[in-house]
Amino acid sequence: MKHIVKNIHFVGIGGAGMSGIAEVLLNLGYKVSGSDVGSNAATRRLASLGARVAHGHDAENVTGANAVVVSTAVTNDNPEVLAARARRIPVVPRAVMLAELMRLKQGVAIAGTHGKTTTTSLVASVLAEGGLDPTFVIGGRLNSAGANARLGTGDFIVAEADESDASFLNLFPVMEVITNIDADHMDTYGHDFARLKQAFVEFTQRLPFYGIAVLCVDDPNVREILPFVSKPVVRYGFAEDAQIRAVNARAVDGQMHFTVLRQLNGHAEPPLDIVLNLPGIHNVQNALAAIAIATELEVPDASIVKALREFHGVGRRFQRYGEVATPDGSGTFTLVDDYGHHPVEMAATLAAARGAFPDRRLVLAFQPHRFTRTRDCFEDFVKVLGTVDALLLAEVYAAGESPIVAADGRALTRALRVANKVEPVFVEQIEDMPQAILNAVRPGDVVVTMGAGSIGAVPGQLVSHQQGGQQ
C-alpha cells in the first residue's frame with residue numbers, strides 16, 4: 001500500500017526551480033505549502049493559485065505535510081528540515097520530485113552549462129504551437145505564458161536538467177538536449193573537469209534504448225563525449241556534420257535570420273527559413289535544439305517557423321525594458337537585463353547586444369555571483385568585462401558563501417584598471433546602482449544590467465524612477 005501524499009511543503013518555494021514544480025503540483029490537485037525568506041513574484045503567484053506561503057523558516061510550517069521538498073540551497077540545519085526529519089516526514093530533493101513528475105509523462109530534459117532556460121522555453125513554445133500542449137518547468141518566466149511552469153494535457157513534460165549539483169542524474173527522460181559543457185560549479189565535481197564531462201555521459205545513459213540525445217556539436221566538450229554516448233544521437237549546430245544545421249545566420253533589427261538544413265535517419269527534410277525573435281548566435285544554437293526536438297516529434301514545419309518568429313522571450317534573458325529617459329531629459333537610453341553570470345554567457349550576451357545595437361555605446365552594470373566563481377574565472381571575467389565601453393561593477397553577490405581574499409569586486413576593479421581596457425566604476429552597495437547608472441549614461445547608450453543576484457531588481461527600479469519623475 002503506497003503512503004498517500006496529499007500535502008507537499010517546499011522549503012525555499014520562491015526559487016526558480018522550486019516554484020515551477022510547486023505550480024505543476026498545485027494544478028495536479030495537491031495541497032501545496034511553502035516558505036521562503038521573502039516575497040517575490042513567484043511566491044505571490046503561488047499564493048494566488050492557492051498555495052499557503054509563509055515568510056521565514058519555522059518548524060511549525062511543516063505541520064500537516066506528507067512530504068517536504070528541498071533544493072540544494074537549503075541547509076541540513078534548516079528548522080523545517082530538522083522538524084520534518086524529527087517527525088519522519090520524507091525530505092525529498094527537488095530533482096527527485098521533478099523526476100517523479102517526469103514519470104507521469106514523457107520527459108524532455110534540457111541540460112548544459114549555459115542556455116538551459118532559453119532552450120527549454122523554445123522547446124516548450126514550439127511543441128505548444130505544434131498542438132502537443134506540453135507540461136513545462138522552466139528556470140525563468142516564459143513571457144508568453146506569464147509563468148515558469150504549466151500543466152499541459154499532452155504527453156510530454158519539458159524541463160531543465162541541473163548539472164550544478166549533479167541532480168540531473170536523478171532524471172529518466174526520453175529525450176535530452178546538451179547545449180554545452182563548461183567549467184562551472186566545479187566544487188560539485190572536485191574541481192575535476194573530466195568528472196564533469198563524465199556526469200554528462202552518465203546523463204545520456206539515463207535514456208531508454210528508444211531515447212534520443214540531441215547534442216550541440218559546435219561545443220568542443222560536447223563533441224569530446226560523443227564517442228561515449230551509446231544512445232541514438234542527433235547533432236545540431238553550425239558544424240558541417242550537424243544533422244540540424246544553421247547556415248547564412250545574420251542579425252537583423254535585434255532578430256536572427258538563418259536557414260536550417262535537416263538530415264535525419266538518412267532522409268533530408270525540407271530546409272526551413274527561420275526568423276528568430278531573439279538576438280545572438282548562441283540563441284540560433286538554442287533554437288536549433290528546439291527544431292531538432294520538434295522535427296523528431298513531427299511538429300509541422302509551419303508551427304516551428306511561427307513559434308520561433310513569435311517567441312516572446314524569457315524573463316531576465318536579454319529582457320528588453322525599452323527606452324528610459326536620461327536624467328537631464330536630453331534623450332533616452334535602451335535598457336536590457338540579463339541573468340548571465342559566467343564569462344562565457346556574458347560574452348555571448350554582450351556580442352548579441354553589439355549585434356542588435358551596432359554603433360552604440362555599450363554600458364554594462366554587472367554584479368558577480370559567488371566568490372568561488374569569481375575566484376575560479378577571475379581572468380576570464382577581466383577579459384570579458386574589458387570589452388564594454390563603460391562598466392559599473394557591483395560587489396559580489398555571495399549566495400551564502402563566505403568572502404574569499406582577492407576574489408571580490410574591488411579585486412576585479414583593480415585588475416581591470418591594470419588591464420587598461422575600461423575604467424570601471426565600483427558600486428559597493430547594490431542599492432546605489434540605479435543612481436550610478438543614471439550618472440553614467442548618455443543619450444543613445446545601450447545599458448545592460450547583468451548577474452544572477454539582486455541586480456535583477458535594478459531595471460524595475462530605473463523604470464519606476466522614470467515613471468515617478470513623469471507624474
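Placed from the backbone N, Cα and C atoms, the Cβ positions cover glycine too.
THR118 (ATP binding site) has a Cβ environment of 29 other Cβ atoms inside 10 Å. According to DSSP, THR118 (ATP binding site) is assigned to a helical segment. Positions annotated as ATP binding site by Swiss-Prot, on the basis of sequence analysis: GLY112, THR113, HIS114, GLY115, LYS116, THR117, THR118.
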Sparsest-packed among the binding-site residues, when each Cβ's other Cβ atoms within 10 Å are tallied, from HIS114, LYS116: HIS114
GLY115 (ATP binding site): tally of other CB atoms within 10 A of its CB: 24
